[in-house]
């Protein structure tokens, strides 16, 4: 029997099941019902984590339609809004760009490429000291959901010499 090879972006097989399992676990972990729209949106964002990481509502809708799901953009919007309100997703608005959404499963910050728009998640523990200094210096009490958005050039957009140079440190 011939084996089917998976093309990049193919939404069938074990990976889709893994993303759906991840979506179910996220919902169950929050004590939420696993509705079809919630599973579809979360599975789409789980797949996106290996690439862009964050998607706009229109990109989520487009990927669902391309995967053969019959869902209107209003349902996607309402589902995303509900999941943001419940803390399962987070919204990221950068400058004049459309708001993007990502999974809120682990505390993290965002590095946004000013050239291509790529969003890279930075684990929260890497910037803990910076947040502590910001809080002390401003006498501002940060919430559990405090986050930083860093701007710069992603590895793909950096000049070749900059990608291998150590970051600048200023006293």
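Each Cβ is built from the backbone N, Cα and C atoms, and glycine gets one as well.
Remember, it's a predicted structure, so these values are computed and weren't measured experimentally.
What TrEMBL records for 113, 116, 154, 157 is Zn(2+) binding site. Among the features that TrEMBL reports, compositional bias 'Basic and acidic residues' is placed at 7-22. Per TrEMBL, region 'Disordered' is recorded for 1-22.
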Among the binding-site residues 113, 116, 154, 157, which residue has its Cβ surrounded by the fewest other Cβ atoms within 10 Å?
116
Could you find out if DSSP has residue 113 (Zn(2+) binding site) as helix, strand or coil?
strand
Other than 113, 116, 154, 157, which residues of the same chain sit close to Zn(2+)? List them in sequence order, counting a residue when its Cβ is within 8 Å of the Cβ centroid of the site.
114, 115, 117, 118, 153, 155, 156, 158
